[in-house]
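What Swiss-Prot records for 11-32 is region 'Involved in apical transport and lipid raft association'. Sequence annotations record features per position, and here Swiss-Prot assigns topological domain 'Virion surface' to 36-470 based on sequence analysis. Taken from Swiss-Prot, the feature N-linked glycosylation site covers 46, 54, 84, 144, 293, 398. Per Swiss-Prot, the feature region 'Head of neuraminidase' maps to 89-470; the stated evidence is sequence analysis. For 116, 150, 275, 276, 291, 368, the entry in Swiss-Prot reads substrate binding site. Positions annotated as Ca(2+) binding site by Swiss-Prot, on the basis of sequence analysis: 292, 296, 322. Taken from Swiss-Prot, the feature active site, nucleophile covers 402.
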C-alpha cells in the first residue's frame, strides 16, 4: 500500500468512527427525551441534600435535568413560635464545663480577634459566644493600646459556642463598645452602644437589621449589660445605665418585641448604683444581679415583671461577691443598702435557688484573679453566711475578670426547667502583664445534678507574644 492509500484508509476509518459516535449520541438523546417521559417520568430527579460547610449547615436543593445539576441555596428555616422561658431554674448541685475557647493561646499564631467582654446567649437551636472586638488581631501592630474601653473600631461579633473568636467563623452583629444580645425563639436581637461619650447611641438589631435606637438621656457614657438580655414569651428585656461610674447615675429597663421598643421604665435607686447586670428568666420574671461601682461590695439585685414593675435592692447574703472587697468575717450583708464601702468593682452574677443563692466571685479580694462559685443557704432572702457548697473554676494563681449568667432553654435540653449557666472571662495583657495589648478568653459552665471537683480551667497563654518584643 502506497502512502496515499494509507492516508485515505486512515481518514476513512476516522470519519466512520466520528459518524458512529454522533449516531450513538442521537440515539441516547432520543431515548432520554422521548422514551423516558412516555413512561410517566418527568425527566427531572429532584432531591434535597443537606451538606455541612465550614461548620455551618447549608441546605441545597439539587435538580438534575438531562445530566445537568441545578443547585439552589435555601436559607435555614426560622422557628414560627417564640420561646416561653417561664419555667423555673433547674436545681444545680454543681457546674460542669460546657466550653472553653482558648482564643489567646491560639492567637499567638492564628488569626484571632483582640476582644473583651465575651458572653454567651442561646437560641432554641444553638448557643453563641458574643464578644466586643477591638478591630484588630492578636500579635499584630493594631493591638497596641487595646486596653482602652471605647473606640470607633469596636464591634460586637459572635461565633458558635466553643469556637475561638477567629476571623473565619465570626459573624458581625453590631458596631459597639457596649452590648447585649438574646434570642426570642424566632430571631436574634442585639443592642450595640457606640458613639461619643456625651451622645452615645444604642442601636437595636433584629434578625441582623437595625430596627430601633436609644439615644443617651444623661449624656454620660450610655452603657448596657455586657451579657445576655432576657426574652420571655416574645418580649425581651435589658437594663441600661447612663451617668457617673462612681456616684449616683440613672438606670432604665427596656422591653422590645421583634426589635421594636414597646416599653421602658426608670429605676429609682437613690444611694445605690447599678451597672452591667447579669440577668436570666425565672418563673416568668427577669432576675438580675448587677455591679455597684460606687460603694457596695454586695451586688444590686433587680427583679423585673412583664409589666415593667420591679423590685430593687441588694443581694442579702452575708458574704460579699464584688472585687475589691473586705474580709468575709467583717461583712454583715444587707438586702436594701450598699455595704463594704469599696469603690470600683467587676461584673458578676448570681442565681436564685428558692431562698438560696449561687454567687460567683474572684478568689482574690483585691484583684481580678481566681474564680469560685458559692451556694449560700437562704442567701437570697437573709444575711446568711452559711456556705452549702463551693466550687473553684480558676485558681488564684491565674487571672480572671468579668463573669455573667445565661440559661439553656427547654428547647435545647428537653427538660421542664431552665438550666443555669455562667461564663468567666480570663483577661490577659495590660494592665497586669507586660504586653502592648489587652484581650481575654473564657470558660463556660452549666448546672448539673452532681457535684463537680475543683480545678483550674485558666487561660494558659504564654506571654509576651512576638509583637510585644519589638
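Glycine too: its Cβ is placed from the backbone N, Cα and C atoms.
Note on the binding-site residues 116, 291, 368: the fewest other CB atoms within 10 A surround the CB of 368.
Those same-chain residues not listed among 292, 296, 322 yet with C-beta within 8 angstroms of the centroid of the Ca(2+) site C-beta atoms are 273, 291, 293, 294, 295, 297, 298, 299, 300, 314, 320, 338, 340, 342, 345. A Cα-Cα distance of 9 Å separates residue 116 (substrate binding site) from residue 402 (active site, nucleophile). Using a 10 angstroms CA-CA radius around residue 322 (Ca(2+) binding site), the recorded positions that qualify from 84, 144, 150, 276, 293 are 293. The subset of recorded positions (84, 144, 275, 276, 398, 402) lying with their Cα within 10 Å of the Cα of residue 292 (Ca(2+) binding site) consists of 275, 276, given in sequence order. In the three-state DSSP reading, residue 276 (substrate binding site) counts as strand.
As a whole number, the greatest separation of Cα atoms within the substrate-binding residue list 116, 150, 275, 276, 291, 368 is 21 Å. Rounded to a whole number, the C-alpha distance linking residue 84 (N-linked glycosylation site) with residue 276 (substrate binding site) is 25 angstrom.
Residues belonging to the topological domain 'Virion surface' (36-470) score a mean pLDDT of 92 in the model.
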